[in-house]
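Working notes, beginning with the structure itself.
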């Protein structure tokens, strides 16, 4: 089991072409996602891959958001053996809603799917995105932006 003792309570172990050169040109990669109780795989996107997720153990709430202008949220409760698909490039997430640890395996349709974790990219960029831009985009006070950026 991956180490889930972190702020989000999950651990993703990826197997892409970077970890296994033999995947080059095959158009596939995998990830193991371990969840502590209440743990999440935070909102993120894969710019170069569709993801198929299979729950191996536990219960997960999963969801994705469609693109602008609708930004429609689709969610589903998954149990052991259930499968769900996240379309390429759309923001998606998983949350362990069970009482014990959960485990899922994800198949991705690229040997190099990429991953952009939304909060890390927006609030933890290097260099920082200007506070006034984030304050206006999220319609919050600059102090709120500074507080969130300090966590990344």
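The backbone N, Cα and C atoms fix where each Cβ goes, and this holds for glycine too.
Under the heading domain 'Cupin type-1', TrEMBL lists 10-146.
Summarising the annotation, TrEMBL assigns oxalate binding site to 41, 46, 51. In the structure as shown, the Cβ atom of residue 51 (oxalate binding site) sits within 10 Å of 24 other Cβ atoms.
The Mn(2+) binding site annotation in TrEMBL covers 44, 46, 51, 92. Long-range Cβ neighbours of residue 92 (Mn(2+) binding site) (same chain, at least 6 residues apart, Cβ-Cβ under 8 Å): 43, 44, 45, 51, 62, 63, 64, 65, 86.
Counting Cβ atoms from all protein chains shown, residue 44 (Mn(2+) binding site) has 20 others lying within 10 Å of its own Cβ. Per-residue confidence over the domain 'Cupin type-1' (10-146) averages out at a pLDDT of 97.
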